[in-house]
Amino acid sequence: MTAPALQTTRRCPYAPPDEHTRIRDTESGISQVTLPSGQVAWALSRLEHIRAMLTDPRFSSDRQHPNFPRFTREQPAFDLMRPSIIQLDPPEHGPARKAVVGEFTVRRMAGLRPRIQQIVNEHIDAMLAGPRPADLVRALSLPVPSLVICEQLGVPYRDHDFFQSHSSALLSRVVTAEGRRQAVTELRDYLKELIAEKAADPADDLLGRQLAQGNDPEDVLSLAFLLLIAGHETTANMISLGVVTMLERPDELAALREDPARTLPAIEELLRVYTIAEFANSRVAVEDVEIGGVTIRAGEPVLALSNAANHDPSAFDEAEEIKLDRGARNHVAFGFGIHQCLGQNLARMELQIVFDTLFRRIPTLRLATPADTLPYKNDALIYGIHEVPVTWEDPA
Amino acid sequence: MTKIAADLDRCVGSGQCVLTNPDAFDQSDEDGTVVLLQDTPADDEALKRARIAVEICPSRALSLTE
Ligand code: HEM
Ligand code: SF4
């Protein structure tokens, strides 16, 4: 019997496809599916199983492994750069991560707050000065995280447009394999030159400090590329999804506006229910492993249905409900194990500043089209919304 | 007496413990690894938070011992 094709269309903007829920409700919670690449992968759907896999060194993150779960027929362009931390296993992963994670601690992120606040203010000013309705995605969701990561790395502002158009080409699913390869090559060449300039003329930014610590410029290049790509569209999609969700819940939004201490728990809940990077937690087995009574053989691809796991009724009460004050942080929206998101505290800070500022400054903000007609990204690797038309009243 | 222990070799600097209780956990500026500010939870609330930190630490670097 051939394994059924993986479904990716959600039952509603946050509920997993019925197929994922069905797998989760089988006795083992594990089943085989066929990926768009033609690979047959094990699909894990329960929180307990996914957490077990992500903390088990018998599963590898080596994205160049021929059996690593893929969503396209072609192999991605791995020959263009050295592997970055997201692809490394122990023992290489730890030292490479520790060389940079000091840049992303909770305290370091708190230090960025004033500058992020300024960037958010400027983008809201520009949106208010422009026509109505405005597209929130272009006005706020995309430019804010993109500018923040560019500044942190030390990418000059004048190159920001180049960077933004290239990174969106990379994440688009309609772009061809050659188009993607070209975008990667151009972005790589750009970063290579930037890193060479910083090596010659040391700069006090993340890339400059990586070089000053004596890291190999080729590794700094892979890291720069990863940080630019991983931190941009993800946060942007969470901004859009979060704003739409809150606008649809006026009572909870009013409570949030009254008490900013509610924002961080609300962000955790939004991360859980939407699980936008749900397939990022996939692995390939490098030894035989038993999970939930199923033996996964060395060399077999394993897909994490992380959104199904984040709605697992054995881990969350009334798991299908959005409860902005739930306060649960045991979800896997940022992954789990040694690869858990390096930029999570930056993402939280950006989301917090955007939500608090936007709803305070534009109390009359509303969707210009009904929420259920918004173009959700059911066909993209990272879930989100393509466009969010919003409007508001003139201040009285 | 319950004590908190951290394995710095395992820690991956996620900061989840700091979010759980900034009075008990901090991170090193050098390599992002956890710095214990208290090795025994100060009160019941701190103990409750320490249990949460152990549960959500992604690298299983934290433990509680009696
Ligand atoms: C809401 C926004 C975000 C979400 C949902 C998200 C999600 C994830 C997930 C699920 C992983 C785990 C991948 C794996 O296990 O293979 C991950 C890893 C990673 N993320 Fe994020 N991310 C977000 C924002 C960011 C930001 C803002 C940055 C950087 C500025 C970033 C940088 C990274 C890096 C470098 C890794 C790899 C870490 C490692 O392999 O040790 N992410 N992210
Ligand atoms: S939660 Fe765990 S991995 Fe993260 S900083 Fe604390 S001890 Fe380290």
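Cβ atoms are placed via backbone N, Cα and C, with glycine included.
Each residue in the compositional bias 'Polar residues' (A:1-10) gets a DSSP state, and the totals come to 0 helix, 1 strand, 9 coil. Residues or ranges marked as compositional bias 'Polar residues' by TrEMBL: A:1-10.
Across the compositional bias 'Basic and acidic residues' (A:17-27), DSSP assigns 7 helix, 0 strand, 4 coil. Annotation source TrEMBL lists compositional bias 'Basic and acidic residues' at A:17-27.
Outside the region 'Disordered' (A:1-28), and at least 6 residues removed from its termini, the chain residues within Cβ reach (under 8 Å) are 34-36, 40-41, 43, 45-46, 241, 273-274, 292-294, 303, 305, 307-309, 311-312, 320, 322, 376, 378-379, 383. Annotated region 'Disordered' per TrEMBL: A:1-28, in sequence order.
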